[in-house]
């Protein structure tokens, strides 16, 4: 059985890489020059490739750390000595873009290993489910698209997934180092290093909580009321955190992540903020509706798992049973949409992104719609939480805290910001039946075909520019 799974995995990886190479060739023919954010990333990488590492050579418009450029130089530069290629060829646009294609292969393998580690090993989880789940996430449209451009997404995903995998195997020093590498690709990845530490803490809390529940005589007095379970957990957390033995044990397990956290704090103090370069366009704010956008995004791409008649029926019965609670959550959500909805200047200034059309033709045209969608947001959020109910409550707590910290401060609505939390979520839901995975994979294939076709063939020009423009995520 294991041998068959190995054959299936190899076939899936080989076919995906073959298709990716064909798409890469099409991208290379269509895009001879840097496009979108590549106009910043590619010249900077080429300067590094030529050996110009001084700060005077840094483009101030770049807001991320140089992890992508350093890794790219480390990958392509040896080709000068191995294949006797010229520096012009090695540092070309095509070669630098190809680095992300290599990252995509690494991501495929890491996803497979993570599905093996995260999902409980039982007879119900067949080899075809694991391979199909890996293939599906590897071609997740928003992530897959950026494998063909010189963006930070593929490398950022690689080091974050690698850090998560090492954390699950208990190799926390390696995990923290890989978390640092992910931070060098995108500063907000520090939160996913915190998530790895939180994963360790959640595991220990879960063990202690199970011990607490198994006791015949509970030390805590019985609590009754609508929030009894919540208060009981809160009391447990307070009691647990008051124990020096527990805290010292957690410190011994998580000290590599704590050290990384101190390094991050030092960076923020020295740099004067988390953003480098052009900070005017990346100011943090409390953009609470970002959570609702993420819930909608996740519902759209995971609809085979999150949207079903039984799920809707269960949700409606809960609404009927807890009507007052639902009303309170709805009112709070409406208030957050009303007071904390922002439209970043880039959102409305660039008509090459799909988010531009979502905002302009939907939210901006029908102002009332953002309030009418609140019940759908609540359903999506509940459905996501319900799909993660197989995970311990403390794991869920850590995940949603990290999700909140990662996306809420972002003023710009950008689908790329949702990729990592979506992948972490998708890795941790119970392995779906094969039929749902086939449905999900088919939908991803259709979305990918449409987006690639539009990007490569449906070009346009701005009135004041002769450059060819393309639609993209």
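Along the chain as shown, residues are numbered 1 onward.
Each residue, glycine too, has its Cβ placed from N, Cα and C.
Topology check against Swiss-Prot: residue 3 and residue 255 carry an identical topological domain name and occupy the same side of the membrane.
Checking Swiss-Prot for transmembrane segment across the ranges 225-245, 393-413 points to 393-413. Among 65-85, 98-118, 127-147, 284-304, 65-85 has the largest number of CB pairs under 8 A with the transmembrane segment (176-196). With a cut-off of 8 Å between Cβ atoms, the residues of this chain six or more beyond the transmembrane segment (393-413) that come close are 188, 191-192, 194-195, 198-199, 201-203, 205-206, 209, 233, 281-288, 290-291, 293-294, 342, 344, 346-347, 355, 358-359, 385, 420-421, 424-425, 428.
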